[in-house]
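Participant: Can you read through this structure? Questions will come right after.
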């Protein structure tokens, strides 16, 4: 059994990606702060920038997962892999969804009973921020046979799979958006689920050496794509009236910076690649020894932070009416992240109860 490689950049990835998720769930929605996006001013643009610049949270988490689990055959059997995933992900997801159904209950789900829980759980309506669990569990189901490809180190075949996933998940939806069609190719490609490209790209970047010339090209292209995301989102949110084919959560158009689209994918790959190549600097950082411990809290932070927002942050709002908005934007994510981390740490110290916290 081969020991798993220890990458400090992946610990750092885990920490910053979990913080980015908390930022999006606390201060990325202008509606929550009474900000209108129908005119060009500081705060509408700031909220757009927050939504785009911190969108890397879940994609980086997916890439981390791909890099970690697609090499499981080097460390243990498929049976052990399944047991570990069920214990670390599936059971906590189910238990915290039950807690969410009870304590974050939405009237749209109806009364609290088993049938309504099942409906809400299947539809993903119980705890909104848990949406990524459905994707990650679907990916885990495919890992046993996908890992056979990565075990052989077949980079060309993995590149082919990434290209197919990009065509299926990013190109065809754009074609449908432009033409107003429903593409029949979408349901015809088996085993290419949403965000598969991120899982595969994570493995590829960690395990395959990328030439400096290609890295530079990726960074340049990512810079262009990021600028395109920002400019197009500002234009279609503020200066152009809402178009029927576009989506506007929180009154900000989502289509151009959506993590499922090609520009975002390029940006995420560039970020992941840059952090990987910063590994020597991260190891040399005087605080690097704390990264494994802090990274170990992040999955619990994913699970706990919706409860912290609902039971601590939201009730505090009437007391903070006089606080300048810019300070709220700066402090809310830090507060929620810090409290969620403390709760995660404390739960792990309590006998029996700690079993619900991976």
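Any Cβ shown, glycine's included, is placed from N, Cα and C.
Look at TrEMBL and you will find 16-344 tagged as domain 'Acyltransferase 3'. What TrEMBL records for 7-28, 40-65, 86-104, 131-150, 157-175, 187-206, 218-240, 260-278, 290-313, 325-347 is transmembrane segment.
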Participant: For the transmembrane segment (290-313), which stretch among 7-28, 40-65, 218-240, 260-278 has the most Cβ pairs under 8 A?
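Facilitator: Comparing 7-28, 40-65, 218-240, 260-278 against the transmembrane segment (290-313), the winner is 7-28.
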Participant: For the transmembrane segment (40-65), what are the same-chain contacts with Cβ under 8 Å, counting residues 6+ beyond its ends?
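Facilitator: Here the qualifying positions are 10, 13-14, 16-21, 23-24, 27-30, 33, 132, 135-136, 139, 195, 198-199, 201-202, 205, 226, 229-230, 233-234, 237-239, 250, 252, 257, 259, 264-265, 267-268, 271-272, 325, 329.
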Participant: When the pLDDT values for the domain 'Acyltransferase 3' (16-344) are averaged, what is the result?
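Facilitator: Mean per-residue confidence for the domain 'Acyltransferase 3' (16-344): 90 out of 100.
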